[in-house]
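Peer 1: The feature coiled coil is assigned by TrEMBL to 4-35. Residues or ranges marked as domain 'HPt' by TrEMBL: 3-107. What TrEMBL records for 269-510 is domain 'Histidine kinase'. Marked as domain 'CheW-like' by TrEMBL: 496-638. Marked as phosphohistidine by TrEMBL: His50. The region 'Disordered' feature in TrEMBL is assigned to 638-660.
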Amino acid sequence: MLDAEQWQQLLQGFLDEADDLLKEAEDCLLVLERSPADSEAINALFRAVHTLKGSAGIFSLEPLVALAHHLENLLMQVRDGQRSLDDQLTSLMLQCMDELNVMLRSIDLQSATLAAHNPRQAELLNALQAAGESPATSSSTCSTWQLSLRLDGDLLRNGFDPCAFIRYLTRLGEVQALQTLTHALPTLQEMDPEHCYLGFEITLSSPASRETLEDVFSLADGFYSLELSCTPSSDTSPAIPRPTAQTLAPTAKADEPRAVQGGTTLVKVAAHKLDELINLVGELVISTAGAHMQAMRSGDSDCIERVQAVHQHVEQIRERALKLRMVEIGETFNRFHRVVRDVSLTLNKQIQLHLRGGDTELDKTLIDRIADPLIHLVRNAIDHGIEAADQRLAAGKPAQGTLSLTAGHDSGMIVLEIQDDGRGLDTARIRDKAIARGMLDADSNLSDSDIHMLIFEPGFSTAEQVSNLSGRGVGMDVVRSAIDELRGTIEIESQAGQGCLFRIRLPLTLAIIDGFLVGAGAERFVIPLDMITECMEAPADSSGPLNLRGKPLPCIDLATHFALGPPALSRRNIVVVSQGRQQVGLIVDHLFGELQTVIKPLGQLFRHLNGISGSTILGSGQVALILDIASLFRDLQQRSEPKHRPSATIPSLSGDKLCS
């Protein structure tokens, strides 16, 4: 017998598995809506629901089992070709999956029981039963086709399954009769298991054309012969029982686990355990740096060589540890098929979603925290950006709007783009709204890009009326705040009548980065290495923008910016950093070189600082602050405006403990 703790562990394992199964089922259902003939998707969908039902039965979760059972019955009708999957049926199934998700969230881990039965479950059960009792035919206009199929003996040797063709025919219509021709079968002793001896006579009721039916067998060209004849649909068919999916072919069992690509075995690990590992690796990096510094001071060549060998192994461990938290963003992107579908139906708009770069990897923490801001931007693009079909046609655009989500790498950063082909931002309207709210003076001279960024101000909205989706001025400021917390940036590119693009830049990870150590005054700062373009000696007069190969380069003196006092050296350096298409020069006193930096959160004393994203401990034990380059770019922009915040002053780091 299992004790209470073991039972709870099993239940938690079921909940984790059920969450994955529901995500898979929803993805497959949305694929089927776009490609109804995708047999792999319908089989995967059926397996997911069947497995969920069976696992829930182990824990006697009867309401969940009942809903999954009726959903499975309806899916069986779709799989067997008894009914087509239309928009109404898809919406019903998605609602059932939402309710299953709600039920899973309401399970009490202590008692392994569901919350009380609610009217929503009864409503969905009734809808599923009604849909299952009146299966819809795939079309009101069907023809009866007679297919005489003869298969070549080498069909099996070339990797073709005869039953796969028949299963596909069930997707095109109703197989009213199926006769297997076995007269060519030899005796058991003479039979070659790799030789095909079969033929089929098939009666199919389908609206498909002759060309469509011939295309079913086109992949096996040269290994079959087919004769097609069409008879009026009113003719009576031979009284041969219609085969079910089980009698047509041995399909994959519903509870059979899917093979992982490449034979890879996956292991689920709690996120906090990975966090602990990353923290320990970070401490190991710091300790290794200290050991290397001590070895260099000692001058012992043998010790230096051994420390360098340890350093190489630590670097490999660091890379492997960080990769453990890296996941593809494709799973998050796939969620937007549902978002776009639901919002489009609500607003009665036609939207085509394009996803690119789903194999781009980034830290799991980043993915979890960026998902909601992305959803908000997508909903806004559909609601505010993309016009209704009649408006698009009047503007000379196709009735169907296009929304694209793209992920990729650029200068060591993750770049996410949300782009639509809608009306674009109304610059004049945003400006007028900002003036009316007192955010701008009427005679202020702002660029279009600066005006566009006003939409991220709290409470700002240009919507004429409040809806369930937008108009309250809540959301875009939260989007920017979330991105700022992730040490990221967001840019807007908009063209009136052509569309709008939001570009988000994020670091690859929030744990460990490769940095470049510099000094300003008595303090040490770390600059993310992937943002550095070049280093150069500062001219004697570097108070204003510099001329860098014919282009102006604005500069920030770190000692002045953080009120560290006047520079002690006459010879200083400039570190040129870039963010997108922008560049700025950071004036420093010393260049110490590259290092691996463990990012630690700032203590309460330093949380008010602009331009600082974290801290680290150097091998010598000294504290260094990690520069927030995005924040420095914003401060530089604010300096050019009449009103700007004063530069922050860094308290003395001597004896202060930044992190625990």
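Counting begins at 1 with the first residue displayed.
Quick reminder: no glycine exception, Cβ is built from N, Cα and C everywhere.
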Peer 1: Over the span of the domain 'CheW-like' (496-638), count residues by DSSP class, listing helix, strand and coil in order.
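Peer 2: Per-class counts: 20 helix, 74 strand, 49 coil.
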Peer 1: Among all the protein chains here, how many other CB atoms are within 10 A of the CB of the residue listed as 'phosphohistidine'?
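Peer 2: I get 20 for this one.
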Peer 1: Over the domain 'HPt' (3-107), work out the mean pLDDT and round it to an integer.
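Peer 2: Here the mean pLDDT over the domain 'HPt' (3-107) amounts to 86.
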Peer 1: For His50 (phosphohistidine), name the DSSP secondary structure in the helix/strand/coil scheme.
Peer 2: helix
Peer 1: Please list, for the domain 'HPt' (3-107), how many residues fall into helix, strand and coil according to DSSP.
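Peer 2: Across the domain 'HPt' (3-107), the residues distribute as 88 helix, 0 strand, 17 coil.
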